[in-house]
């Protein structure tokens, strides 16, 4: 009896196994490999992915890279080995180191889409640098940095000297190094502009507060603060206020376009920020992955600036003209 | 005369011993003084009251944790969850301040820290788990709670009733610095002038002997972890009040900085010996390095290298004391 039951069960499983590939109506399964699932920016990307997935009838899961490139590399290997997913969307922690794992994934027939940064040795090249990589939804970090620096240069046009403090994330990150070099290159073209100090904010308001307090100690007169991240301006603004500056008297420009900064720009304490649209990026990434899975041809590069209703640099003037605008992430 | 001749060689030996002992005791202070002299010559902005008070204010949260952590390490324990407690206490305080009441948020932060610290102590003593592993695990749980509270996003707390703690001053001195001063003195008295302090040293020095002497070692260890949790919670609300912003990632890596400061201050990682004031000096040494880099606008690429070299120099000066 037991033997017969076992045989029947085996036959039943075999039947399921053989019919499974024929079930064309099975939804696609897509993994989102976040650089950190606990990060607000990554969560906004995932929210965009989920919204598009719901519209397309696709199943998605998020994996937490915990801001750890080694962990994310292992996740790619595990997800490829698990065979449960038709596609990956990845926000890389290490844009260079993750490439071999993604090559293995594409070789295994998995569709791969990169968001936020391109994968490969050249951060300025948005075309696929990994064989088989379908689409990159990212902006060249130098383009945004150039726009930010040019905004500072425009503000400084009538000031001589115009003293600028730069608060960068961390110079050990290649993308932050590229941004910092771009800042220096653009501002260096204007003899009236002096970069009086460069501090590291580590994407942390508290670290930025400390850096800005120390910078002000050595350079009490500051005309502008140029930063790649909105989080840095939170600390910079507090340091400036504590030092005796009126809010808004120093030109402060950040990056990220989160709601906290939008509110600060409207209140006049921050001058401008660089547009970023994580929700739209996630949505576009999922749509590109599904297009490829369905046999279509997705664009190799989607520029996030094209997905946004906002200008590259968002100012109070623009926000005043668009009072109903809300940012795609809180901060 | 013969007695004098016989006694003569003893004098230089004593002074050599005293010098070595002095270096071991005050190694971290010596490095601080050297750094301060160097920075004073390199930058006119360094030796100003405003900058020195800034350094103290910036260091206050880490120093609070290091002061209490000294007792945990002297008792033979390790706490890797202080950064996570700092994070969860700060976002809880921010959330409560925004959604309920700013004062309640302020009170809740240290109390939550105390509770989480006690939980650490109970896990360690109740399940007989090594504190290193127990607090590594609990740090993940606490960090997870912080993320759940915030959903990974920042919580702005732009309220005067909340900002006074981190940004308020009495005269020129920040309230956070005064809190640090009071807390440090309290920890020093607790460690050096009370029965509890002697028990902490006894537990870390030789737990078996302490048990045989009638010391309730488990209670002592639980209390130490409770104190550290309280300090991490207090540090958390000071930091969140200072930047008017709760952030789930707050305090990441802070636990290692606090441990580094305590060890830098000459407290034995094997337990049984140490001093609270030297841990504070360890924190200040780390802060001075950061301050110097920012003031001199030195390429941050050299910061880790310099920090490492200075830490090795300070630890080398006090190395003899820690060998057991």
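Our numbering is plain: 1 for the first residue shown, then up by one each step along the chain.
Positions of Cβ are set from backbone N, Cα and C atoms, glycine also.
Automatic, uncurated: that is what TrEMBL annotation is.
Note on the transmembrane segment (B:26-47): residues 264-266, 278, 281-282, 284-285, 288-289, 291-292, 295-296, 310, 313-318 of its chain, located 6 or more positions outside it, place their CB under 8 angstroms from a CB of the stretch. The transmembrane segment annotation in TrEMBL covers B:26-47 (among others).
Residues or ranges marked as transmembrane segment in TrEMBL: B:59-78 (among others).
Summarising the annotation, TrEMBL assigns transmembrane segment to B:112-134 (among others).
Sequence annotations record features per position, and here TrEMBL assigns transmembrane segment to B:140-159 (among others).
Same-chain neighbours of the transmembrane segment (B:171-191): 49-50, 53, 56-57, 59-61, 63-64, 67-68, 70-71, 74, 164-165, 197, 200-201, 227, 231, 234, 238, 242, 275-277, 280, counting only residues six or more beyond its ends whose CB sits under 8 Å from a CB of the stretch. Under the heading transmembrane segment, TrEMBL lists B:171-191 (among others).
Annotated transmembrane segment per TrEMBL: B:219-240 (among others), in sequence order.
Tertiary proximity for the transmembrane segment (B:261-289) is limited to same-chain residues at least six positions away from its ends with a CB under 8 Å from its CB atoms, namely 24-25, 27-29, 31-32, 35-36, 39, 55-56, 58-59, 62-63, 66-67, 69-71, 73-77, 180, 184, 187-188, 191, 201, 203-206, 303, 306-307, 310-311, 314-315, 318, 321-322, 324. The transmembrane segment annotation in TrEMBL covers B:261-289 (among others).
Summarising the annotation, TrEMBL assigns transmembrane segment to B:301-320 (among others).
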Same-chain residues at least 6 beyond the ends of the transmembrane segment (B:112-134) whose Cβ lies under 8 Å from its Cβ atoms: 72, 77-81, 85-86, 88-89, 92, 142, 218, 221-234, 236
Contact set, same chain, for the transmembrane segment (B:219-240): CB under 8 Å, 6 or more residues outside the stretch: 60-62, 64-65, 67-69, 71-72, 75-77, 79, 81-83, 85-91, 93-94, 105-106, 109-118, 120-122, 124-125, 131, 157, 165-166, 176, 179, 183, 187, 196, 199-200, 203, 210, 246-247, 250-251
Distal contacts, the transmembrane segment (B:59-78) - CB-CB under 8 A, six or more residues away: 86, 124, 131-132, 135, 174, 176-177, 179-180, 183-184, 187, 190-191, 197, 200-201, 203-204, 207, 220-221, 224-225, 227-228, 230-232, 234-236, 238-239, 254-255, 257-259, 261-263, 265, 267-276, 279-280, 282-284, 286-287
